[in-house]
Amino acid sequence: MTDTQDKHYIIALDQGTTSSRAIIFDRDANVVGTSQREFAQHYPQAGWVEHDPMEIFATQSATMVEALAQAGISHAQVAALGITNQRETTVVWDKETGRPVYNAIVWQCRRSTEICAQLKRDGHEAYIRETTGLVTDPYFSGTKLKWILDNVEGARERAERGELLFGTIDTWLIWKFSGGKVHVTDYTNASRTLMFNIHSLQWDDKLLEILGIPRQMLPEVRPSSEVYGHTKSGIAIAGIAGDQQSALFGQMCVEPGQAKNTYGTGCFLLMNTGDQAVKSSHGLLTTIACGPRGEVAYALEGAVFNGGSTVQWLRDELKIVNDALDTEYFASKVKDSNGVYLVPAFTGLGAPYWDPYARGALFGLTRGVKVDHIIRAALESIAYQTRDVLDAMQQDCGQHLSELRVDGGAVANNFLMQFQADILGTCVERPQMRETTALGAAYLAGLACGFWSGLDELRDKAIIEREFSPQLDETQKEKLYAGWKKAVERTRDWEDHEA
């Protein structure tokens with residue numbers, strides 16, 4: 001605990017896949033200052049995605065300064081800083097100079113597909129699943145880190161000499177903001193690395209040996225809500241959670257059976273399972289989340305690789321919309337998609353398929369298909385993929401969700417939210433506070449330093465802005481969904497690969 005009597009604000013840093021943001025909250029969890037900066041995406045080869053870690057730090061630092069200036073407050077009035085981040089994205093840097101040895105390898109990047117295939121051939125898949133709760137997929141940090149050590153000249157030798165450090169983005173930012181004094185991560189981020197035992201809550205020696213990772217590179221793993229250190233300007237760094245776990249906490253889904261979907265670049269559906277690490281038989285991940293006080297809890301997660309990025313593709317590559325916000329208007333102009341299905345498997349398929357060799361496709365094209373139908377099919381694909389995951393999740397947990405809480409940029413799209421409720425047959429609740437990912441990090445930081453007293457105080461701040469109720473009948477719903485399943489099957493195993 002720290003003395004927060006004269007400090008009236010919490011800063012949340014929300015380091016995402018395409019932008020860095022800073023959001024300042026007051027004691028009533030109102031937003032009083034924000035700033036956002038986009039940064040460059042690098043695609044050196046097909047299926048590869050990289051970021052510049054120094055640009056991430058620079059944009060994140062700038063947004064903090066800008067948000068404080070916008071709010072008209074000083075560092076001295078800030079009780080604590082919480083960080084939430086794009087997960088799995090992997091940074092390796094020099095301990096002395098603080099310079100990365102390679103670009104950050106982003107969660108979307110598929111370059112370690114062959115490393116994963118070799119792990120499977122060597123018979124490690126079951127152990128990885130049992131120990132980490134994850135599937136053997138290029139999505140997670142461990143094989144990205146192995147790729148850097150294997151492919152960057154001198155990296156492995158330097159890592160073994162203790163000269164290099166590894167971190168996910170939270171770790172990298174805290175190391176930079178603390179002036180190189182603090183090398184930590186939290187349980188939620190560690191659980192996404194493919195190197196962490198989610199049952200013993202330790203780095204797993206056998207997995208480190210399998211991947212060839214020197215243990216001394218790894219950060220210390222700590223709870224999501226505690227004071228880890230201070231920035232150079234003296235602000236307590238007091239909360240960390242991976243973006244999806246942070247959103248789950250920000251939505252107050254802290255009890256078993258509560259679930260949310262975040263619609264961002266990808267879509268992420270998490271269900272809190274309390275102290276039970278539920279094993280999925282449907283290709284979902286078992287991961288670590290935050291309990292009522294930020295302590296370790298478990299969750300089931302389904303990840304959809306391409307959600308909002310599908311709309312970005314319509315805008316930036318096909319150029320059939322000028323602004324993502326316009327998609328609601330165009331989709332609503334037509335009564336249905338005219339039989340068109342868009343499967344956005346640009347980087348393979350995530351849960352529950354886990355097919356890195358699938359590729360995107362448009363199905364059902366006829367001469368009567370207009371641009372509006374394709375735009376509508378793109379939005380519908382986000383809802384269909386969410387249903388894929390939610391169906392699997394409900395079967396694993398043996399219970400039916402009465403409602404789904406939603407957040408992320410795309411929830412502003414009323415067409416998408418209504419179609420989501422229709423295709424699920426479940427109410428969709430959209431909160432008044434849209435910044436739930438940042439809010440979760442702020443809550444974790446505020447609880448750690450005594451800024452907020454506890455969960456009851458936070459629950460009072462959660463207001464539902466609009467509820468979308470299902471309007472499709474069962475026959476229509478299932479006919480549409482059957483068409484989607486048929487389309488997905490046609491995209492599977494498209495890329496050539498070794499067996």
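From the backbone N, Cα and C atoms, a Cβ is placed for every residue, glycine too.
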With Arg87, Glu88, Asp243, Gln244 listed by Swiss-Prot as glycerol-binding, which of these, Tyr43, Tyr139, Tyr187, Tyr298, is given for the same site? Tyr139
Residue from Thr63, Thr262, Thr265, Thr366 that Swiss-Prot also lists as binding ATP with Thr17, Thr18, Ser19, Gly308, Gln312, Gly409: Thr265
State the Cα to Cα distance, in Å, between Arg21 (ADP binding site) and Asp243 (sn-glycerol 3-phosphate binding site), rounded to an integer. 12
Site extent for sn-glycerol 3-phosphate, whole Å (max Cα pair distance, Thr17, Arg87, Glu88, Tyr139, Asp243): 15
Looking at the binding-site residues Thr17, Ser19, Gln244, Thr265, Asn413, which one has the fewest other Cβ atoms within 10 Å of its own Cβ? Ser19
What is the separation, in Å, between the Cα atoms of Arg87 (sn-glycerol 3-phosphate binding site) and Gln244 (glycerol binding site)? 8
Compared by Cα position, which of the binding-site residues Thr18, Gln312, Asn413 is the closest one to Asp243 (sn-glycerol 3-phosphate binding site)? Thr18
